[in-house]
């Protein structure tokens, strides 16, 4: 059982109570029990999971308030950051997007065990979700792909005036440079950069893009085409 709850008290815009603590402990227990079956994470030590996965999933909330928005998490894997957000902000409407079948099975089991409501799990690739075009207030992704790839994969899902939030590491500035204004072509505007330095989880650079107009029908292209251009 985790006990160092003080690590969650140094940040604004989210609070922690006993119900949240219980769910996070259960989340950890399920994650470790199922990890060998599903290959979910290389980080398994208790304190590391709570800091490098759970807390790291929340750091962007310092800069952007979460209340009851409709949120899509692209490439959620073991549920980071989406499930963590749902535990702390139960009023959000959450869609988890994951193309790996085994991880989808884990997510379904996890959502059931945590007794989470208003969670949709899609076993698809983000660029294939044409029926979800401009449906989400927030699209978020944590360490899934290079910036010029992930922006194109997910841009169609974001509402006009909605946010595309990317949880990144120390290479984020180089990735921004490599975009070569591709974000502007997709009607995305970088409105905020959050920099965090901590010995526990290293350098974190979170990017906040606002969608300022509808997505051009050119985007997203087929994944292999996006990938080929990015090389």
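Each Cβ is built from the backbone N, Cα and C atoms, and glycine gets one as well.
With a 10 A radius on its CB, residue 80 (S-adenosyl-L-methionine binding site) counts 23 other CB atoms from all the protein chains. Taken residue by residue with DSSP, residue 80 (S-adenosyl-L-methionine binding site) is part of neither helix nor strand, so it is coil. Annotated S-adenosyl-L-methionine binding site per Swiss-Prot: 75, 80, 126, 127, 142, in sequence order.
Taking Cβ-Cβ distances under 8 Å and a sequence gap of 6 or more within the same chain, the neighbours of residue 126 (S-adenosyl-L-methionine binding site) are 72, 74, 75, 97, 153, 154, 157, 220.
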